[in-house]
Amino acid sequence: MFLTLIAGLISLLLTALIMPHFIKFYQMKKIGGQQMHEDVKQHLAKAGTPTMGGTVFLLVASFVSFLFAILFFSHGKSMGLITGILAIVLIYGFIGFLDDFLKIFKQINEGLTPIQKLSLQIVGGLIFYFLHVVPSGIDAINVFGFPVHLGLLYIFFVLFWVVGFSNAVNLTDGIDGLASISVVISLLTYSVIAIHQNQYDVLLLCGIMIGALLGFFIFNHKPAKVFMGDVGSLALGAMLAAISIALRQEWTLLVIGLVYVFETSSVMLQVSYFKYTKKKFGEGRRIFRMTPFHHHLELGGLSGKAERWSEWKVDAFLWSVGAVSSLIVLAILYL
């Protein structure tokens, strides 16, 4: 644990030291920022805010992880596990980088097409499967302590899990600080699980990324000086999925990641209901004021009768949901 604390602190300090230079470079080059939702008026002031900040914390976390892995985990299965998880983090980070690059530098509003993004995500999932899952001999999903063996079909679960949660965290990254601290809470929970399983290699990766995200949050809390971009959010979602697989606690991510699950579900429900009502009644109707769900909260809280919620209030509410759901998982596992 002491090793993890040192590695996490190094990651935090490096991110905090490098990020101001990244922001300054971004501003000097007058690079266009992330597009804002016009329906949420308080977001319009953020236009031009530097994005792609995930590039910094991903590179820092990867460098520190590889350094500590070589120094302390160079023998046995740990190196393979660390390599497998870092591989999918960097691959998904690269996918997000391409998406951000096309949007910002090439002024292509949609970035990668859905087919291009999904294809690259599947390739990334396959690389993780063959780097980590196959050598580990994993072919079963752990459902509340009971293994459900899937055999070769497990590959489809891995792809669904990694692609699904990478996109879920991406959808969650919509207001200042929300995704970064939500993922910190999730990683802290997996750190506890890793300690109980004596999986100190996974603990190291969690601690290093927690440090990097806390260093990033210094500049990402409201009012944000930088956003993580798809480069950060896609990588973080893939990392959470990979860690849940590595710890053989896949089901826990549905609860630990309740915020990501509900954010994604809100979008799917909204689109489906709108299409259904448009076909049935001739006009589309909505369940939520706006999706993902954090925008619904911004536009009137839970009841809709309240005044608009500030970003801090939305953050606090959803972070609390993430913390409580994580505690529920730990209680189920260890009490």
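Using the three backbone atoms N, Cα and C, a Cβ is placed for every residue, glycine included.
Residues annotated as transmembrane segment in Swiss-Prot, with sequence analysis given as evidence: 3-23, 53-73, 78-98, 118-138, 143-163, 175-195, 200-220, 226-246, 251-271, 314-334.
Long-range contacts of the transmembrane segment (314-334) within the same chain: residues 144, 175-178, 181-182, 185-186, 188-189, 192-193, 196, 222, 249, 252, 255-259, 294, 297-298, each at least 6 residues beyond the stretch ends and with a Cβ under 8 Å from a Cβ of the stretch. Spatially, the transmembrane segment (200-220) is adjacent to the transmembrane segment (53-73); three or more Cβ-Cβ distances between them are under 8 Å for residues at least 6 apart in sequence. Per-stretch counts of Cβ pairs under 8 Å to the transmembrane segment (226-246) identify 78-98 as the leading one among 3-23, 53-73, 78-98, 118-138, 175-195. Under 8 Å from some Cβ of the transmembrane segment (53-73) lie the Cβ atoms of residues 3, 7, 10-11, 14-15, 18-19, 22-23, 79, 82-83, 86, 89-90, 93, 96-97, 201, 204-205, 208-209, 211-213, 215-216, 219-220, 226-233, 235-236, all in the same chain and six or more residues away from its ends. Ranked by Cβ pairs under 8 Å to the transmembrane segment (251-271), the stretches 118-138, 143-163, 175-195 are led by 175-195. Here the transmembrane segment (143-163) has Cβ contacts under 8 Å with residues 88, 92, 118, 121-122, 124-126, 128-129, 133, 238, 241-242, 244-245, 250-251, 253, 332 of the same chain, all six or more residues outside its ends.
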